[in-house]
Amino acid sequence: MPKTINVRVTTMDAELEFAIQPNTTGKQLFDQVVKTIGLREVWFFGLQYQDTKGFSTWLKLNKKVTAQDVRKESPLLFKFRAKFYPEDVSEELIQDITQRLFFLQVKEGILNDDIYCPPETAVLLASYAVQSKYGDFNKEVHKSGYLAGDKLLPQRVLEQHKLNKDQWEERIQVWHEEHRGMLREDAVLEYLKIAQDLEMYGVNYFSSKNKKGSELWLGVDALGLNIYEQNDRLTPKIGFPWSEIRNISFNDKKFVIKPIDKKAPDFVFYAPRLRINKRILALCMGNHELYMRRRKPDTIEVQQMKAQAREEKHQKQMERALLENEKKKREMAEKEKEKIEREKEELMERLKQIEEQTKKAQQELEEQTRRALALEQERKRAQSEAEKLAKERQEAEEAKEALLKASRDQKKTQEQLALEMAELTARISQLEMARQKKESEAAEWQQKAQMVQEDLEKTRAELKTAMSTPHGAEPAENDQDEQDENGAEASADLRADAMAKDRSEEERTTEAEKNERVQKHLKALTSELANARDESKKTANDMIHAENMRLGRDKYKTLRQIRQGNTKQRIDEFESM
């Protein structure tokens, strides 16, 4: 039995290992990969490997894996990557897995600066990336430093602004909070909808020359072929949609494109190596095929996939709504519990105050009772003294009578009697004054005792009221062999049909232009970052982008502009560059 060969395939977020037979074809390996990860939109993808000369190459599906120039390592190493890009991610990418693989690949391109992204857009995209990873911002979970382990911005952007890690996190967090309620899958799609408007998104650049020998860039993407000047890969100067191209071929390093317009000359350019022309041919054929397919009704398979995706999305939205409803109920219950706890604490505090007031009133009552008893004793003493004085007065009166009688009986002398009489009269007068004084004191003590009694009755009434106040019930708790240098020529006819005239891509607008929310966010970020920007660190791409913005250009306005005039005029313009 033939010995099996170990293969390792790395996707954007996983590492897969297989054992294949020596006669296994590229397609058989590819099919095994897509089946393993559950991918059905296979037409965008391919298997990439590094050949024996160190060049990155796409695996041919119709040839055996072992017959291709794969480095003889164990295991054999491949990368599963997007080879072709959609025109519009929201219309073409159906499965969540497809969207996620594109998201991760595009994000990697932006962070590595293979796709130029202006600072404000980079921060906004970072916030969508954070939403797709962490879900809704939660201050209880996402504490300061929660983004410390994530690479979210291109190094160029970090170096161009005088902001530290914490300040970058604060800015990204603000926009992360803005996406509350957005599903992680929707955040991925929003990221791609903005990223696809970047000028370098989905473009394969190849160094080339025209007949004059001018150094230019040829850009191959989902919409056609574009020509760029050597120092500007953001702004194409001439464009040819796939619908204008009839045949593409190469002979050694010479690449020839025949337009559908018979009056137009061939579009000829020269590549530095034969292998580059082979790659260009393969990319042109694949992109043209997808361009034409998009302009026809969906196949039954695609219709079924879209229907299934809609159903799955609807189900997720239902589940999300249910979760949100449960979350709101839980939050309301927690708030109600907090309210009850708060009211309970307030009642306990009120009860404590009442108890203190009651205790204070009880003490005052005891003090007033003590004072009342003391006054009552003082009153009794004064009354006793008054009675004693009254008795002495009576005795004096009796003595006076006795003296009068004695004077009559004993016939005392008038002088002696007068003297005794005067003494007794004086004594009677003194006793009367003393009696009146004591009666006055007794009346005064009686009045004070009466006042204390009234205060005592008032305090008893207040205490009774405080003790009868209700305290409340206790609250309840709640997818041509590039290495084959012998095959020096190849040709491919690009079929066209009635749908070829559909150039709807020229009518597109950017996500920022049609989405007011995105436009508002980008404007705010531009203003916010301006103060921290170090103008001395601007790159050539930054300056080109700024000039395009000043002139009101964007990807689609530029596309309309570079396709103006007939095919012949644009080919003549290319030859004169």
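Backbone N, Cα and C atoms are what each Cβ position is placed from, and that goes for glycine too.
The average pLDDT computed for the domain 'FERM' (2-295) is 93. Look at Swiss-Prot and you will find 2-295 tagged as domain 'FERM', backed by sequence analysis.
All protein chains considered, the CB of Ser74 (phosphoserine) has 9 other CB atoms within 10 Å. Residues annotated as phosphoserine in Swiss-Prot: Ser74 (among others).
Taken residue by residue with DSSP, Lys79 (N6-acetyllysine) is part of a strand. Per Swiss-Prot, the feature N6-acetyllysine maps to Lys79 (among others); the stated evidence is similarity to another entry.
Feature annotation from Swiss-Prot assigns N6-succinyllysine to Lys83.
Long-range Cβ contacts of the motif '[IL]-x-C-x-x-[DE] motif' (115-120) within its own chain (Cβ-Cβ under 8 Å, at least 6 residues beyond either end) map to 106, 109, 154, 157, 160-161, 195, 198-201, 233-234, 522, 525-526, 529, 533, 541-542, 545. Summarising the annotation, Swiss-Prot assigns motif '[IL]-x-C-x-x-[DE] motif' to 115-120.
For Tyr116 (phosphotyrosine), the same-chain residues lying six or more positions away in sequence with a CB closer than 8 A to its CB are Leu198, Glu199, Met200, Arg233, Leu234, Asn541, His545. Look at Swiss-Prot and you will find Tyr116 tagged as phosphotyrosine, backed by similarity to another entry.
Reduced to three states, the DSSP call for Cys117 (S-nitrosocysteine) is coil. Its Cβ placed at the centre, Cys117 (S-nitrosocysteine) has 28 other Cβ atoms within 10 Å. Annotation comment: Swiss-Prot describes Cys117 as S-nitrosocysteine.
All protein chains included, Lys139 (N6-acetyllysine) registers 9 other Cβ atoms within 10 Å of its own Cβ. Feature annotation from Swiss-Prot assigns N6-acetyllysine to Lys139 (among others).
Just so you know, the Cβ of Lys165 (N6-acetyllysine) picks up 11 other Cβ atoms within 10 Å once every protein chain is counted. Positions annotated as N6-acetyllysine by Swiss-Prot, on the basis of similarity to another entry: Lys165 (among others).
Residues of the compositional bias 'Basic and acidic residues' (376-414) grouped by DSSP class, helix first, strand second and coil last, total 36 helix, 0 strand, 3 coil. According to Swiss-Prot, the compositional bias 'Basic and acidic residues' annotation covers 376-414 (among others).
The phosphoserine annotation in Swiss-Prot covers Ser407 (among others) and rests on similarity to another entry.
For 476-487, the entry in Swiss-Prot reads compositional bias 'Acidic residues'.
Positions annotated as compositional bias 'Basic and acidic residues' by Swiss-Prot: 492-518 (among others).
What Swiss-Prot records for Ser527 (among others) is phosphoserine, and it gives similarity to another entry as the kind of evidence. Around Ser527 (phosphoserine), taking its Cβ as the centre, 10 other Cβ atoms fall within 10 Å, counting all chains.
Residues or ranges marked as phosphothreonine in Swiss-Prot (evidence: similarity to another entry): Thr558. In the three-state DSSP classification, Thr558 (phosphothreonine) falls within a helix. Residues near Thr558 (phosphothreonine) in space but far in sequence (CB under 8 A, at least 6 apart, same chain), listed by position: Glu199, Thr235, Pro236, Asn548.
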Margin query: Do any residues, 6 or more residues outside the compositional bias 'Basic and acidic residues' (376-414), come within under 8 Å Cβ-to-Cβ of it, and if so which ones?
Written below: 420-421, 424, 427-428, 431-432, 434-435, 438-439, 441-442, 445-446, 449
Notebook entry, point to check: Taking the Cα atoms as reference points, how far is Cys117 (S-nitrosocysteine) from Ser527 (phosphoserine) in Å?
Noted result: 17
Next item on the list: Please tell me which one of the modified residues listed here (Ser74, Lys139, Lys165) sits closest to Lys83 (N6-succinyllysine), measuring Cα to Cα?
Entry: Ser74
Next item on the list: Work out the three-state DSSP category of Lys139 (N6-acetyllysine).
Entry: coil
